[in-house]
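Take a look at the structure set out below.
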DNA sequence: GTAGAATGTCCAG
DNA sequence: TGGACCTTCTACG
């Protein structure tokens, strides 16, 4: 159940465990048997992420394109690998580690050109942006997305900002949690139209997404609560929840807002659950 | 045991 | 807009 930070973290995990050494590849479940055979015994030459898309490079053999969708999971373990369960779509194993992929929406072998086509239809990714302190060009060879193309679309759109933030063509990597949290942090009602945001609001959102999602990669979880609103600071009980991180509104329907004390609301928007605080977020 | 939900996306109508 | 799809985990009998 990943947002962009998870995918970038996974790309790094693959690189650390398998880079530049031949891997064994198999598809115990069978659905990727042909692809696995083509990369078997090839070295992993690169691992890349854009938004929620993960790309594992195998030199001339091409790229394994993975999208986890809502349910997909990757689990890493130390060698020797145990016998795989029959739901494993792709297993990679090396001398030190193995990785099992289950339940992805997408797992296919693609060419450089096909990979480029995927990049071309995705919006800028806050995790591919140059850090705020770097110069505009970024270090050689590193991607440096900027938020301008996203602003161009948002500022002309009558669609709600909540919908636009989830649209991967507009901005890549933001999912339901970051959407809800970043709108709360900037006091913006999720139903406001994109074109009713001003430039300063957008710039603040983009900068905040870069910071929040980098933190997400580092901690491997989503934390969005400012220090002064943490449980320790406010003397409230910590969150008891599967996701771990402290949040303002995500999955907190009918609970009191950490800032104004009002009830957090929830509604369905485009088949996804939306959470917001009517007291803190302005139309 | 089984229904339901879940941080996602695509396609048909 | 509604349904399909991929899997795991939890709550409830």
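For all residues, glycine too, the Cβ spot is worked out from N, Cα and C.
What TrEMBL records for A:2-99 is domain 'Formamidopyrimidine-DNA glycosylase catalytic'. Residues in the domain 'Formamidopyrimidine-DNA glycosylase catalytic' (A:2-99) partition by DSSP class (helix H, G, I; strand E, B; coil) as 25 helix, 37 strand, 36 coil.
Feature annotation from TrEMBL assigns region 'Disordered' to A:125-151.
Annotated compositional bias 'Low complexity' per TrEMBL: A:129-140, in sequence order.
Look at TrEMBL and you will find A:248-282 tagged as domain 'FPG-type'. Sequence-distant contacts of the domain 'FPG-type' (A:248-282) (same chain, at least 6 residues past either end, Cβ-Cβ under 8 Å): 160, 162-163, 166, 176-177, 180-181, 183-185, 187-190, 222, 224-225, 229, 234, 236, 241.
Taking H, G and I as helix, E and B as strand and the rest as coil, DSSP gives the domain 'FPG-type' (A:248-282) the counts 0 helix, 13 strand, 22 coil. Across all of the domain 'Formamidopyrimidine-DNA glycosylase catalytic' (A:2-99), the predicted model scores a mean pLDDT of 94.
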